[in-house]
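Student: Please see the structure below; I have some questions.
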Amino acid sequence: MNSNKKATIVVDAQFGSTGKGLIAGYLAERDQPDVVMTAWSANAGHTYINAEGRKFVHCMLANGIVSPKLTTVLIGPGSQMNAELLRDEILSCADLLQGKTILLHASAALILQKHVEEEAGPMTKIGSTKKGCGAAMIAKIRRNPDDNNTVGANGDYMEEHIYGPVREAGVFIRTATNAEYMAVVYDAERIQVEGAQGFSLGINNGFYPYVTSRECTPAQVAVDVNLPLAFIDKVVACMRTLPIRVANRYNDKGEQIGWSGPCYPDQKELDWEKDLGMEAELTTVTKLPRRIFTFSYEQTKAALEVIRPDEVFLNFCNYLEPDEVAAVIGTIERAAHELKVPGPMPLARYYGYGPTVNDIDLDMRHQ
């Protein structure tokens, strides 16, 4: 049994889309965890592009599967899982997962078609991705024995929709009891946990009701994957030089029918073309244009106050001039100093200048 401090948690300190998938892949290749953990929902995408240009776009499967020492993938009890999506992601990476084990916690929730249909109408008003995640979570919370949507209660469904096809591809996968799941956690040599979405979207720390259906803090991520807090020895928080929110929603006539929510008082919403001279980014899941904002001291301070990261990954540095990036770094350091965040400075240890692992630097570029 290995019970020493051994886990890294990757979280988002803004509104999402900060490059968690990119830094997760980078760290997995560098730190080589044998166990990777997630408890995602199907409403957020995570992208990693390796040094050879292979692209991984996952909503269910950890990007840490690229670890050279990987043995086990754990999907935690706090997940709201789209089984077909997980199946497809596993099959697309079957070459990397040969001889590996994938365990799905029996208490993870399944997103069924009825949950997607339940969110189809009213959730448009708050910019929801409408993937059924909240509805699946609510169904689990209701605890109706006649409507049990946990993985453990739907063995036939899991066998038909995911386990059978995945095993045929040579990847071992099954449902795990809590005891079986925790045995892997305790026996692991090194663990990497990947959070989803972002601090400012948290149901308690965000701009309610323009939020997601749970918190996105390291503590919540640990709870959702059943990771003992004592095992955590590093928290990496991801930020963008220019934070984003998901798109507003419009009908076929071009009329706005949904708003994804406000920003912090010291932020300004920017126009992709007029202010930045570039095409708008599209969201990974909905393929709609993201809203983009200036960097916020208030957002940074609020996030660091709760997250208390050991390191920061500052992404999209290529969107700004070097002096502007330096100003953002200064804002992060000022917030960290005011909050007495421990550890060596600067807090920003990794800098992203593009979409691939080759674009991550350990020093800020000056040209």
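Indices start at 1 and increase along the chain as displayed.
For all residues, glycine too, the Cβ spot is worked out from N, Cα and C.
OK, Swiss-Prot features for this one:
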- S17: active site, proton acceptor (ACT_SITE)
- S17, T18, G19, K20, G21, G45, H46, T47, Q197, N315, N318, G354: ATP binding site (BINDING)
- S17, G45, T284: Mg(2+) binding site (BINDING)
- S17, N43, S128, T129, R143, T212: dGMP binding site (BINDING)
- T284, V285, R290: L-aspartate binding site (BINDING)
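What's the neighbourhood like for these features in this structure?
Tutor: The secondary structure of S17 (active site, proton acceptor), as reduced to three states from DSSP, is coil rather than helix or strand. Around the Cβ of S17 (active site, proton acceptor), the number of neighbouring Cβ atoms within 10 Å comes to 27.
Within the same chain, residues at least six positions away from Q197 (ATP binding site) with a Cβ under 8 Å of its Cβ are D12, G16, N43, A44, T212, C216. Look at Q197 (ATP binding site): DSSP puts it in coil.
Cβ environment of G45 (Mg(2+) binding site): G21, V57, H58, C59, T283, T284, V285 lie under 8 Å away, each six or more residues apart in the same chain.
For T212 (dGMP binding site), the count of additional Cβ atoms within 10 Å of its Cβ stands at 23 [all protein chains shown].
In sequence order, S17, I244, R245, V246, A247, A280, E281, L282, T283 constitute the residues six or more apart from R290 (L-aspartate binding site) in its chain with CB-CB distances below 8 Å.
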Student: Over all shown protein chains, what is the count of other CB atoms within 10 A of the CB belonging to H46 (ATP binding site)?
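Tutor: So the number of other Cβ atoms within 10 Å of H46 (ATP binding site) is 26.
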Student: Compare the Cα of R143 (dGMP binding site) against each of the binding-site residues G19, H46, N318 and report the nearest.
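Tutor: Of the binding-site residues G19, H46, N318, H46 has its Cα closest to that of R143 (dGMP binding site).
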Student: For R290 (L-aspartate binding site), which of the three DSSP-derived states applies: helix, strand, or coil?
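Tutor: In the DSSP reduction, R290 (L-aspartate binding site) maps to coil.
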Student: Within 8 Å of the centroid of the Cβ atoms of T284, V285, R290, which other residues of that chain place their own Cβ, given that this set defines the recorded L-aspartate site?
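Tutor: After dropping the recorded site residues, what remains is S17, A44, G45, V246, E281, L282, T283, T286, K287, L288.
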